[in-house]
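To start, the structure under review is shown below, and the notes come after it.
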Amino acid sequence: QIDAVRVYVNSSSENLRYPVLFVVRQQKGVLSWQVPLIFRGLYQRTYNYQEVSRTLCPSEPTPETRPSDQIIFVDVASMAPFNIAYELLVTKLENFQLETNKAFNFTASPSQPQYFLYKFPQDVDSVIINVVSDAAYPCSVVSVQDIVCPVYDLDHNVEFNGVYQSMTKQAAITVQRKDFPGEQFFVVFVIKPEDYACGGSVPSSIHENVNRTWNLQRTKNLQVTIVPSIKKSVYVQAMFFSFLSFLSFYLGSVVVAFVHYVRVQRKASAGRLSPEHGSGMMASSHPISASTPEGSSYGAIDESSSSGGRQLPSPEPRPPAGSDTDSSVEEESDFDTMPEIESDKNIIRTKVFLYLSDLSRKDRRIVSKKYKIYFWNIITIAVFYALPVIQLVITYQTVVNVTGNQDICYYNFLCAHPLGVLSAFNNILSNVGHMMLGFLFLLIVLRRDILHHRAMEMKDTYTLDYGIPKHFGLFYAMGIALMMEGVLSACYHVCPNYSNFQFDTSFMYMIAGLCMLKLYQTRHPDINASAYSAYASFAVVISLAVLGVVFGKNDMWFWVIFSMIHVLASLALSTQIYYMGRFKIDGPDSDMGIFRRAVMVLYTDCIQQCSRPMYMDRMVLLIVGNLVNWSFAIFGLVYRPRDFASYILGIFICNLLLYLAFYIIMKLRSSEKLLPIPMFCIVATAVVWAAALYFFFQTLSSWEETPAESREKNRPCILLGFFDDHDVWHFLSAAALFFSFLVLLTLDDDLDTVRRDKIPVF
């Protein structure tokens with residue numbers, strides 16, 4: 001048992017020129033202070049206190065002294081030319097040592113800090129110090145320091161030693177036995193003279209006279225409870241749970257692939273299907289001969305009538321499917337294999353009723369190369385993005401470990417389990433699902449790609465002229481993006497804060513954008529955006545997200561500019577979608593030509609055909625889409641949400657869901673079917689996303705507030721005693737994204753036996 005002594009002094013004098021000096025000499029240290037005790041705040045504001053109470057550094061009993069014997073010298077002095085009255089009281093602390101699982105209540109103030117001793121029990125390797133208070137203010141600091149004298153227990157020096165957090169209503173610090181060789185430590189509680197560090201404001205009267213001193217009564221009632229943390233076995237269980245949960249997806253995929261293989265083999269042995277094809281099959285006695293050129297138009301609409309009697313030339317026959325050449329001419333042709341009928345694109349793509357054969361006329365090999373650029377570009381982006389990110393977060397973690405400042409990172413401290421140098425290993429481990437499911441999706445896409453190439457090598461004609469054109473570049477890019485989301489989210493959660501928030505969201509923007517591009521590419525393979533323009537657009541979005549976090553809180557001008565950009569971008573994109581990329585602002589050679597063109601388009605498309613647009617389905621989609629985006633713009637302009645990054649992500653997700661819903665509705669409206677696998681994936685996506693979003697909105701911390709205010713949102717673990725709500729969001733969102741990708745991959749498998757001139761475009 002270690003005893004501690006507390007010294008209380010009081011002086012009625014407010015004369016700052018002649019303070020009373022108190023010096024306490026002990027066996028191993030000297031402690032001194034003055035009365036009035038002066039604290040300094042912002043802008044050199046000063047606060048003086050006439051009552052001071054300090055706990056003296058305790059000393060363990062030695063063989064020469066009895067346990068309760070301590071020799072203390074107290075020197076009192078002042079340079080004042082007159083007498084100053086003071087009061088001195090020395091008391092023995094009865095409850096200096098904190099006990100495990102037992103709450104202890106006490107009171108502290110800026111001039112009367114408190115600290116207590118804690119010793120690790122024999123069977124405990126890690127503990128969590130929970131501190132709570134009913135009142136948010138005054139702002140306080142909780143510090144854990146080694147058994148060293150002197151103890152730093154004043155506002156100006158509490159940060160000199162150990163680990164510390166600022167606090168309003170709640171604080172939690174995880175302490176490990178290995179960090180304290182003596183297997184004991186001090187828990188120090190300091191009340192700050194001002195509240196600005198915790199998000200509070202400086203008293204308004206201080207602004208009137210910054211040189212005036214105040215004797216503010218700032219006391220705070222606190223309760224501290226030290227509880228054992230989890231054991232090492234829980235770490236092992238959590239890791240097994242994380243990996244086995246997502247390995248079950250691999251097992252399920254193997255089972256589905258095996259069942260599909262067995263079915264194909266059975267049908268192939270009956271002579272009805274080709275065993276080489278991986279998604280959908282057709283009868284071997286199909287009437288189309290093997291010499292039919294890929295991409296030929298089958299005349300779903302009388303093109304002569306659509307073009308006013310003009311006969312469209314047919315595309316020239318292409319090389320056999322299996323002969324992939326890599327000529328520089330192909331790569332430098334901007335992937336356009338129809339230069340001789342450039343003028344006919346306007347006729348084909350502006351027909352009232354479009355079919356897939358109208359928009360899949362380019363050479364398959366060249367278009368596939370175009371979409372593979374998405375894959376190679378995102379790998380390049382990922383490498384250049386991830387390397388400095390990893391280096392930065394390692395630096396952040398090192399700074400936290402060296403300085404002990406736990407206000408740098410916004411963890412959920414009630415469920416932050418350290419491992420090695422990492423302060424919150426659970427938040428990092430929970431991102432393993434993104435990486436494992438992203439890799440699994442790449443394997444699924446690779447299997448389909450291989451099966452498709454086998455069919456092409458066998459010159460399977462229906463593969464050329466039937467079903468949705470098989471371009472896998474965007475799918476590969478989506479798989480890489482999902483893996484990188486896991487990597488960067490893990491990096492962000494090494495030390496989540498204001499400076500690195502974009503690590504967690506950048507690839508979410510890219511995933512949403514790639515999904516929309518893939519959905520559009522499905523029935524518009526010839527006119528989809530290039531990889532360069534797509535990634536440039538994502539870069540603009542990420543830049544806007546950063547600017548929004550920096551300027552979006554209080555600057556109205558930013559929201560006005562952003563809302564204008566949002567609305568104009570929506571209109572420009574809608575125009576390109578409505579006219580299938582064939583809308584051009586050009587006209588006569590005169591300078592007024594551009595305006596005449598705009599007026600003509602406005603009159604013919606918006607006034608003459610107001611009651612019945614030429615492309616009704618597209619018009620309905622674009623009207624709804626623009627209303628949604630304009631609503632987002634107005635909402636942002638009026639309310640100016642603080643979490644700008646999530647606001648941008650919400651715009652992307654709403655547009656993606658709107659387009660996916662439109663696509664599925666139009667698919668069913670066109671009498672197309674949803675096969676069991678895509679139907680299962682759609683239902684799984686909806687259910688898992690709903691569950692994931694529930695946990696996402698359980699806010700456990702917020703770097704938009706001060707660290708102390710953020711800790712008010714901290715909550716205990718909810719899964720295995722190791723994972724919190726946000727970790728569950730990581731698990732579920734990874735599964736939801738995986739199922740979402742499978743929806744896009746399998747949605748049109750029912751069309752593999754349908755001729756392209758029978759597949760409508762919408």
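The backbone N, Cα and C atoms fix where each Cβ goes, and this holds for glycine too.
As annotated by TrEMBL, compositional bias 'Polar residues' applies to 286-295.
Residues or ranges marked as compositional bias 'Acidic residues' in TrEMBL: 327-337.
Residues annotated as region 'Disordered' in TrEMBL: 272-337.
Non-local neighbours of the transmembrane segment (238-262) in the same chain are 278, 426, 429-430, 432-433, 436-437, 440, 443-444, 447, 677, 720, 722-723, 731, 734-735, 738; each lies 6+ residues outside the stretch with a CB under 8 Å from one of its CB atoms. What TrEMBL lists as transmembrane segment is 238-262 (among others).
According to TrEMBL, the transmembrane segment annotation covers 374-394 (among others). For the transmembrane segment (374-394), the list of distant contacts is 473-474, 476-477, 480-481, 484, 487-488, 491-492, 494-495, 500, 503, 506, 510, 514, 531-532, 534-535: same-chain residues at least six beyond its ends, Cβ to Cβ under 8 Å.
For the transmembrane segment (428-446), same-chain residues at least 6 beyond its ends with a Cβ under 8 Å from one of its own Cβ atoms are 238-239, 242-243, 245-247, 249-250, 253, 422, 472, 475-476, 478-487, 489-490, 493-494, 723, 726-728, 730-731, 733-735, 737-738, 741-742, 745. What TrEMBL lists as transmembrane segment is 428-446 (among others).
Residues or ranges marked as transmembrane segment by TrEMBL: 474-495 (among others). Listed by sequence, the residues of this chain that lie at least six past the ends of the transmembrane segment (474-495) yet keep a Cβ under 8 A from its Cβ atoms are 371-372, 374-375, 377-379, 382, 385-386, 389-390, 393-394, 396-397, 400, 408-409, 422-424, 427-428, 431-435, 437-439, 441-442, 445, 501, 503-504, 506-508, 510-511, 514-515, 517-518, 521, 730, 734, 737-738, 741, 744-745.
Annotation comment: TrEMBL describes 501-520 (among others) as transmembrane segment.
Here the transmembrane segment (532-551) has Cβ contacts under 8 Å with residues 373-374, 377-378, 381, 498, 501-502, 505-506, 509-510, 513-514, 517, 558, 562, 565, 644-645, 647-648, 652 of the same chain, all six or more residues outside its ends. If you look up TrEMBL, you'll see 532-551 (among others) marked as transmembrane segment.
Counting same-chain residues at least six beyond the ends of the transmembrane segment (557-579), those with a Cβ under 8 angstroms from any Cβ of the stretch are 349-350, 520, 544, 547-548, 551, 615, 618-619, 622, 625-626, 629-630, 632-634, 636-637, 640, 651. According to TrEMBL, the transmembrane segment annotation covers 557-579 (among others).
Here TrEMBL flags 619-638 (among others) as transmembrane segment.
Annotation comment: TrEMBL describes 644-665 (among others) as transmembrane segment.
Under the heading transmembrane segment, TrEMBL lists 677-697 (among others).
Annotated transmembrane segment per TrEMBL: 728-747 (among others), in sequence order.
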- Long-range Cβ contacts under 8 Å made by the transmembrane segment (644-665), restricted to residues 6 or more beyond its ends, are 501-502, 505, 508-509, 512-513, 515-516, 519-520, 522, 541, 544-545, 548-549, 552, 566, 621, 624-625, 628-629, 632, 636, 674, 682, 743, 747, 762
